[in-house]
Amino acid sequence: MPELPEVEVTRRGIAPFVAGRRVERVDVRTAMLRWPVPADLAEQLRAREVLAVERRGKYLLFEVDAGWFIVHLGMTGTLRVLPVAGVPVAAKHDHIDWIFDEFVLRFRDPRRFGAVLWHPREAGDVHAHPLLASLGVEPFSPAFTGALLHARTRGRTVSVKQALLAGDMVVGVGNIYASESLFRAGIRPTTAAGKVSLPRYERLADAVRATLADAIERGGSTLRDFVGSNGESGYFQLDCFAYDRAGLPCRVCGTPIRQIVQGQRSTYFCPTCQR
């Protein structure tokens, strides 16, 4: 599933082509994704200028004067920028095209767990949308601190890794990035969230930011389907310290990396470096 780095890579790739351009038309070939595509989406966006492209968690927010269209990539979704001249014929899993003057923004999603929604301006600020209102803080915002993590986890017995994945404290820290952040912070993923000290949470907050920044710089992680807006795969996963390295020697101390299952997801850690 595309996580925050993959969505941010997509946003950065799309924004220079989209911002300040008008949507000439929208072709919706699949009306049902995770939720129904708004029946009036094409009408709402026709001839509208895209004012900005933002990201909130794993959601992309495209602002026009009348509101915002919201895109979630789901498990296998991608957004590609394709030149109008010679654009490929839409294939089976190419569900929606936004056509601009010189290019097409194409949404592809083989498993159809993604979503395209419309939030009219008269409904209020897009960040109050039900899908966005309860999200945790952004990891690159000043609000994301070790003190926040420490305060929000007091008395919680859930593991620190599962607390990171929940998304109610901080958004976008998916499975691969949780494992890598905990490795960098030296925290064992099975530790109860409520038992992690403030200094260790401060290290974890720094590790989360550093891990996500590195992933964005490397184009995200391509574990199965993800490609950026230019069709290129990410390569963060090639340099992981822990994730998907079960049985291999730790890059720091040489101890074999262990793999366990937490909440039906694989977790990887070094039993020596992480305490």
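Counting begins at 1 with the first residue displayed.
The backbone N, Cα and C atoms fix where each Cβ goes, glycine too.
What you are looking at is a predicted structure, and each value in this text was computed from that prediction instead of being measured.
Site annotation (Swiss-Prot, ligand DNA) includes ARG111, ARG156; from HIS72, HIS93, the additional listed residue is HIS93. Within the listed segments 171-205, 241-275, Swiss-Prot records zinc finger for the stretch 241-275.
As a whole number, the greatest separation of Cα atoms within the DNA-binding residue list HIS93, ARG111, ARG156 is 42 Å. Per Cα geometry, PRO2 is the residue among the active-site residues PRO2, GLU3, ARG265 nearest to HIS93 (DNA binding site). Restricting the average to the zinc finger (241-275) gives a pLDDT of 97. For GLU3 (active site, proton donor), the nearest neighbour among the listed recorded positions (LYS58, ARG111, ARG156, ARG265), judged by C-alpha distance, is LYS58. Per DSSP, the secondary structure of the zinc finger (241-275) breaks down as 0 helix, 12 strand, 23 coil.
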